[in-house]
Amino acid sequence: MSTGVIGVNLPISKILAAIQAQSSPSSPSYALSSTPAASEAAARAFMTTGTFPKLCARSFTLKGNTYRMAGMDKGAGMIHPRMAGLDALGGLHATLLGLILTDAPVSPRSLQGALTYAVDRSFNSISIDGDMSTNDTIIALANGAGAGVEEKSTTVKDIDEETDPDAYCVFRDELTEFAIDLVKLVVRDGEDATKFVENAASHTDAHRAASTVSTSALVKTALYGEDANWGRILSSTGSTPLSTPLDPSRPAGADEARASEILGGDEFAIVVDLGGQGVGGKELAKYWTCDFSYEYVRINGDYRT
């Protein structure tokens, strides 16, 4: 995992000194403390242009056992992830970094599958500026400690997609919701705007359309100016390469005064209905983004000075 200016080596000596300073007095030299303060310090340590540390935690119940998840991520600029699984060409792609920990007893192969599913619906569904970093990375670790050593050896089996698909789906969905909570913190560095694209022929089509709208500089500047310029949204949607052509139809009209009022809120949703693309499609994709502000230009314009 790496972050900062592309092509510039990390200051390893400073990093090692900081790790030593955060280590527990009763542990080996480089064993980090496990206190909330230490977690916040770690989240702050890998911040670059972000304005606040991003941490989440939650618990969930599966087959009568309660398990926990905790995580942190960072990112504010150069955010448009397109991370792939370990088997994909090029491997895992830093601007967007994330770490998710759980004490659930999930098998390695199923943890990878659940993470890929969750990332597609969370980290790969956000955009700040449309620029993908060189090494966006999300890591998930599971130690199985939530089951307890004695219980795990007798009654609790690994959560596995093949041997217990129902339990796997519960874990996968919990991981997805947790990942969404984390990515919302990244988008919160700007004003939230959730894009919904529905009634698409496939999830791929829905995701493509949502991504195109979310990365449009003209749409994002309109959001900042609270300008209900719906033509920019339609134009972005129409430029998206889809499996089935869209019916151009006719403008339905809009209450622009009401739309501008909605755009003045901290959070709002833009819904694009593809009308089934003529094939009865019902797929849905969500995308989270933010506006383009003068402050964004200032921060990234002064990044190295």
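Backbone N, Cα and C define each Cβ position, glycine as well.
For reference, TrEMBL has these:
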- T95: active site, nucleophile (ACT_SITE)
- T48, K74, T95, E191, N300, T305: substrate binding site (BINDING)
Those residues of the chain, 6+ apart, with a Cβ under 8 Å from that of K74 (substrate binding site): T3, A43, F46, M47, T48, G50, P53, K54, L96, L97, G98, V186
CB contacts for N300 (substrate binding site) [other CB atoms within 10 A, all chains]: 16
Cβ-Cβ neighbours of T48 (substrate binding site) (radius 10 Å): 17
